[in-house]
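Novice: Take a look at this one; I'll ask things after.
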Amino acid sequence: MYPRHRRRRPRRHKTLGLGASFAQEESRAGLLVTNELEKALADCKAQVERIARDCRAQNRCFRDVEFDLENDRELCLFGLSKENRDLKPSDVQRVTKIFAKPSFFVDGADSNDIIQGRLGDCWFLSALSTMTTAPGLMEKFCIARDEEVGVYGWIFFRDSAWVTVIIDDLLFTSIPKYEELTQAEQGLYHLDKTLYNTSARKGAKSLYFARSAQEGETWVSLFEKAYAKLHGDYTAISGGFSCEAIEDLTGGVSTFIPTKDILNADVFWKEELLLATKDRLFGCGFDTLDPTRSGKEEVTVNGLIGGHAYSVLRAVEYNGKRFVVLRNPWGRLGVDGPVHKFGDDGEFVMEYSDFLDNWDLVEKTLLFDETWVMANQWLQVTARPPSTAWSFGDVSFTITVPAPTKAVIVLSKLDESYFQDLSGNSNWSFDFTLFKKGQKELVARTSLTRFFLRSVNLEVQLEEGEYVVHVRLDREVNDSAPEFNARNSNPRKFSRVQTLRAKGQSIAYNYKPSPVLDIDPIPLEILAGQDLGEVERKASKADKKLKAEAASRKNSKSSENLEKNPTAKEEGMWIAAVKPEPITTSTVLEKTPTQIDKVSAPVKDGDDGSVVANVDSAEEDYGREATTGVRFEDLDNLPSSIADEDLGFRSDLESPPRVASPLLAPLVPSTLAGMNMMDADAAVDSEDDEDADKEEVGSGYDNDTVVLGLRVYTSRDAPAVVGGQLRRGRMKRVSWKALKEAEL
């Protein structure tokens with residue numbers, strides 16, 4: 001439960017709020033959780049089998065070039081920061097050299113197997129402990145391996161999809177080579193290298209990171225390595241919440257429950273804790289206590305450690321009393337007070353009343369089976385400046401269900417732990433309200449039990465019909481967070497972190513690849529079986545077709561707009577489609593359509609040394625329509641947010657886009673009730689506003705963009721359809737006041 005430290009990203013140019021509506025992609029509608037899981041399992045097994053076959057043919061053990069602990073030590077251990085590099089393993093060895101008889105499992109996976117190493121990933125190990133209590137669950141996700149060759153396959157749930165991770169069996173150890181010892185140290189082993197290697201450098205205790213208490217058992221260390229590779233390095237998994245790790249492992253949904261907020265302890269026991277290991281898993285903890293008054297180096301509660309994640313293994317009733325069984329992932333206790341201990345493996349028991357008194361927070365993760373399906377929608381959202389009103393009105397989602405159903409609605413931001421060093425200097429927090437479409441009565445709303453979490457959710461019963469979700473964003477800005485670029489960090493690592501970020505952000509329906517940097521990796525399946533000449537010819541042909549379709553749609557939309565608004569012919573209309581229909585965004589410029597469409601060159605130099613891309617040049621991105629934006633000549637100092645920036649118009653053009661100043665008063669939920677953002681925006685007539693010609697004021701901050709996703713889990717026979725809508729840049733207090741008075 002260690003907090004994650006947020007880092008600052010370089011400044012970016014201010015962007016304009018453009019309204020857009022996004023339909024759900026067909027591939028994300030009604031995803032059957034277990035079916036998607038089976039597809040991922042099959043793919044992972046196929047990869048492991050192919051690698052094992054190739055290695056045997058070459059008489060080689062598998063070495064993972066993507067996460068090579070021996071040859072790429074620094075990249076595997078650390079992120080971009082050159083500070084706090086206190087991880088110092090002595091060597092790297094294969095599992096077969098560490099153990100005489102290694103085995104992935106010894107009598108299955110058990111919570112008592114897990115012992116934390118020199119990494120602050122107690123939250124992840126606590127999640128593993130909790131998962132072992134659900135019969136067969138651990139074996140389900142450790143799904144493919146060839147221990148002789150040394151290849152292991154895993155799957156994890158990232159944001160809304162299953163991801164395959166393949167690793168080798170090389171592990172960091174804490175014991176150096178014999179030749180690296182001092183003469184005095186060598187003397188302890190009678191100057192006998194063989195004795196040293198067969199005693200000190202063998203066994204689980206020689207491992208640097210997490211290990212199993214069972215000698216020769218390897219699943220704990222390898223699981224931790226796979227999770228580290230998923231995130232890019234070991235440092236990336238130092239700090240987090242155990243329930244979020246369970247989400248990553250199972251695809252479940254997490255909720256944080258403060259014990260002081262529990263209304264009825266008896267109901268919580270019967271309807272929550274007693275279901276542990278059935279369809280939900282639990283963890284617990286409390287924040288680190290202030291040692292100032294006590295003078296102690298570390299303040300504990302009955303020996304329990306603050307800022308540390310503990311596993312809830314099960315809840316039991318015995319002789320009329322209620323007990324909760326827990327475990328410390330350190331594999332040892334150090335606990336006193338009202339607890340019952342069983343050996344020194346980290347497991348202990350508390351009475352339910354003591355459990356509520358000693359822990360501040362219970363973390364619950366709801367698991368899903370084959371009776372559930374999931375639909376989701378992700379959008380890049382450009383929020384208003386931090387100085388403006390804390391308000392709804394930046395983004396909305398619509399949910400349509402064909403029949404009554406139980407539902408779990410989850411609003412989450414992109415998991416930034418994969419690119420933490422380039423995630424910016426804003427800690428985002430959010431909540432949401434749920435309305436029936438066309439009605440003002442509130443159906444439900446989330447409650448924020450903690451700020452700046454990865455997600456919030458509602459468990460609700462939905463009737464047949466359409467619903468609207470309105471989101472309220474909040475943030476905490478840390479201007480002291482470090483900035484990273486290719487000059488002040490390892491360029492190879494910087495490239496990999498940028499790629500992880502781009503891959504994550506590409507889940508957004510309105511994601512636009514960088515027009516400057518090649519940070520979106522080319523999928524191997526695109527190239528498979530073809531040489532580059534063939535691929536380029538096909539891409540060129542497809543590009544011409546897309547450009548023709550884009551031009552046809554643009555002309556069609558322009559004609560429609562001229563019919564609806566004759567004045568647009570004089571003012572000019574810029575239409576920038578960021579993906580194929582039905583997504584369109586539009587902004588009025590003081591240029592004629594001819595001036596906009598007939599640009600003589602792909603780019604033009606600006607007075608400040610920047611380069612502005614026009615529609616035609618932006619359409620060069622294969623498979624996507626036009627995007628507009630800014631290019632930078634100093635490639636070593638590009639904003640690290642370029643991949644997720646909502647690329648806008650130059651602020652120094654002859655006549656800036658007609659957008660209003662930022663909203664200065666909050667939008668009350670009753671004003672937005674039953675309306676999505678596109679409906680509300682269409683109802684706002686701001687053409688008569690005296691500030692209509694003013695450009696939207698920039699925030700002064702460099703990280704106003706956040707990727708948000710709405711996941712909706714429903715019954716299998718009632719799959720939901722999810723859409724999303726972004727605000728336009730012209731919503732002003734006077735308009736919303738008029739809207740409210742008109743009771744639209």
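Using the three backbone atoms N, Cα and C, a Cβ is placed for every residue, glycine included.
Taken from TrEMBL, the feature domain 'Calpain catalytic' covers 93-380. What TrEMBL records for Cys122, His308, Asn328 is active site. Annotated region 'Disordered' per TrEMBL: 540-571, in sequence order. According to TrEMBL, the feature compositional bias 'Basic and acidic residues' maps to 540-552, 560-571.
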Novice: Return one of helix, strand or coil for Cys122 (active site), based on DSSP.
Specialist: helix
Novice: Could you work out which of the active-site residues (Cys122, His308, Asn328) has its C-beta surrounded by the smallest number of other C-beta atoms within 10 A?
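Specialist: Counting other Cβ atoms within 10 Å of each of the active-site residues Cys122, His308, Asn328 gives the minimum at His308.
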Novice: DSSP says what for the compositional bias 'Basic and acidic residues' (540-552): how many helix, strand, coil residues?
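Specialist: Tallied per class, the compositional bias 'Basic and acidic residues' (540-552) gives 13 helix, 0 strand, 0 coil.
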Novice: Roughly how many angstrom lie between the C-alpha atoms of His308 (active site) and Cys122 (active site)?
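Specialist: Just about 7 Å between their Cα atoms.
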Novice: Looking only at C-alpha atoms, tell me how far Cys122 (active site) is from Asn328 (active site), rounded to the nearest Å.
Specialist: 9
